[in-house]
């Protein structure tokens with residue numbers, strides 16, 4: 001090997017070592033703060049995890065209680081948002097993938113959906129407040145909170161359904177249509193079965209996303225310190241209670257806020273891991 005080649009080889013090795021070192025430092029830097037956040041969350045939230053947390057409602061200041069009404073309110077609004085947003089999102093994603101795939105309208109719809117996907121959640125909350133809450137006499141309710149969350153669910157489900165259906169091999173469509181079955185039956189019995197894992201993953205990711213939303217609920221659900229299951233009345237939610245209690249001067253409320261944050265983090269982690277595992281187990285071959 002000539003002197004010039006040796007010099008070039010050493011230079012490339014030096015650059016490669018420097019790049020690897022910088023990459024490792026950057027990864028460790030991000031990992032350090034992630035571990036720090038998780039450790040703080042566990043150390044401050046774990047002491048408040050007990051049976052009362054899940055069975056008692058939010059207490060007055062300086063008294064013991066739990067977050068049962070907040071858990072119930074969050075569950076009701078998230079369930080309503082998923083029930084309303086999922087069928088609409090799947091239908092819209094199906095139209096994009098199967099009926100309007102090459103049309104100019106589908107390009108516009110995808111563009112608008114991408115904008116909605118990245119829109120600040122507080123804007124969606126203000127939109128529902130103006131469109132629905134103000135026109136119902138200014139009544140805050142779990143239903144209006146669910147409507148705000150629907151606008152977060154929709155773009156996720158639409159994007160996931162569109163992409164998963166387009167990943168299904170074209171030979172499956174041709175084989176089904178060659179048997180003489182109508183297109184709607186081909187979509188429901190062939191394409192949906194093939195893309196079911198990916199679509200379900202999108203729904204789970206949407207659930208994980210809306211479970212921690214606070215901003216849109218400030219203008220819609222408003223909150224309620226009592227036990228309530230009426231969807232047309234103000235209702236508590238875990239993110240709203242956490243936001244209120246974390247900024248309070250009372251130690252008991254702060255402990256409940258940390259405990260609620262820990263429970264919410266574990267829930268989102270489990271849902272995200274479940275969605276990832278489901279997608280990896282049922283991955284559609286890209287052919």
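Note that Cβ sites are derived from N, Cα and C of the backbone, with glycine treated the same way.
Tertiary neighbourhood of the transmembrane segment (22-42): same-chain residues 258, 261-262, 265, selected by CB-CB distance under 8 Å and a gap of 6+ residues from either end. The transmembrane segment feature in Swiss-Prot is assigned to 22-42 (among others); the stated evidence is sequence analysis.
Among residues of the same chain six or more beyond the transmembrane segment (70-90), those with a C-beta under 8 A of the stretch's C-beta atoms are 54, 58, 142-143, 145-147, 149-150, 152-158, 161, 199, 203, 206-207, 210-211, 217, 221, 224, 227-229, 231, 235-241, 260, 263. What Swiss-Prot records for 70-90 (among others) is transmembrane segment, and it gives sequence analysis as the kind of evidence.
Residues annotated as domain 'ABC transmembrane type-1' in Swiss-Prot: 71-279.
Summarising the annotation, Swiss-Prot assigns transmembrane segment to 115-135 (among others) and lists sequence analysis as the type of evidence.
Per Swiss-Prot, transmembrane segment is recorded for 138-158 (among others), and the stated evidence type is sequence analysis. Listed by sequence, the residues of this chain that lie at least six past the ends of the transmembrane segment (138-158) yet keep a Cβ under 8 A from its Cβ atoms are 73, 76-78, 80-82, 84-86, 88-90, 92-93, 96, 113-114, 116-117, 119, 121, 124-125, 127-129, 132, 199, 202-203, 205-206, 209-210, 213, 216-217, 219-222, 228, 230-235, 237.
Residues or ranges marked as transmembrane segment in Swiss-Prot (evidence: sequence analysis): 199-219 (among others).
Under the heading transmembrane segment, Swiss-Prot lists 255-275 (among others).
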Tertiary contacts of the transmembrane segment (199-219), as residues 6+ beyond its ends and Cβ separation under 8 Å: 74, 77-78, 81-82, 85-86, 90, 93, 120-122, 124-126, 128-129, 133, 145, 148-149, 151-153, 156-157, 159-161, 164, 192, 237-240, 242-243, 264, 267-268, 271-272, 274-276, 278-279
